[in-house]
Amino acid sequence: MPAYSSLARRGRRPAVVLLGGLVSASLALTLAPTAAAAPLAPPPGKDVGPGEAYMGVGTRIEQGLGAGPDERTIGPADTSGVQGIDVSHWQGSINWSSVKSAGMSFAYIKATEGTNYKDDRFSANYTNAYNAGIIRGAYHFARPNASSGTAQADYFASNGGGWSRDNRTLPGVLDIEHNPSGAMCYGLSTTQMRTWINDFHARYKARTTRDVVIYTTASWWNTCTGSWNGMAAKSPFWVAHWGVSAPTVPSGFPTWTFWQYSATGRVGGVSGDVDRNKFNGSAARLLALANNTA
């Protein structure tokens, strides 16, 4: 999740303060912005243009949340177990060594969106997270109304979504959630959506040998795929459900592998809000998922 008004205050242009009265000339005091402050994201609820989407943007719209912090996004901080974050260019420059020191074991990083956009911070984030010793993976923000699942899987696999057995690379993620630019299900029927997702999965697996992880909410999956269970035996499931003690899993999946439990987390090395996530298992199981030995 990107930062909103709080970061706008810290990331604005330097302010000049004029002092008068006792001095003949005004004294300008420049307030420098925070070095790693993230850029200001478009407010949820408005159309999100190409390249601007991020993990959770549709979830905010689905839950009727505005631009500022909300108790449903803050929620109880579940800091137990194996912890991680997800990021995009909206988080700005990230100190990945500090993220590791803050106790984060894994990270998912936005790589692509549709078939025309590669996140401009992906390469730096992906490399620096690896060098910091964080197990990381890439995610693709789906635009099912723009092109086929096959075409988008190809674009993702060719632009950061690849996989290798190196102890630090997780399988890629298909981020498919409430359309941030229009109708919830992108104008597709449940049958069309199932086909789109299945095509994406099939092509991604053909390109990488891995089953793509699916990120979404219970509401979106039940509504837009008709509670489809066709991916349950194939894809690890990542559920977004903020501000609760336990997530609701859609009818089509028996359990969750990852849980995005907050969109307003704070982690050393990241300026402003960042999505917080939990892995459903031990550190050894996370490594097994990364290396495809689970």
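Backbone N, Cα and C define each Cβ position, glycine as well.
Copied over from Swiss-Prot, here are the features:
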ACT_SITE  Asp86  active site
ACT_SITE  Asp175  active site
ACT_SITE  Glu177  active site
DISULFID  Cys185-Cys224  disulfide bond
DOMAIN    81-294  domain 'Ch-type lysozyme'
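Known features from Swiss-Prot, placed on the structure.
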{"residue": "Asp86", "record": "active site", "CB count, 10 Å": "29"}
{"residue": "Asp175", "record": "active site", "CB count, 10 Å": "26"}
{"residue": "Glu177", "record": "active site", "CB count, 10 Å": "25"}
{"residue": "Cys185", "record": "disulfide bond", "CB count, 10 Å": "18"}
{"residue": "Cys224", "record": "disulfide bond", "CB count, 10 Å": "27"}
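Distance between Cα atoms for Glu177 (active site) and Asp86 (active site): 15 Å, as a whole number. The separation of Asp175 (active site) from Cys224 (disulfide bond), Cα to Cα, is 14 Å. Here Asp175 (active site) is positioned 11 angstrom away from Asp86 (active site), judged by their C-alpha atoms. In three-state terms derived from DSSP, Asp175 (active site) belongs to an extended strand segment. Across the structure, Asp175 (active site) and Cys185 (disulfide bond) place their CA atoms 13 angstrom apart.
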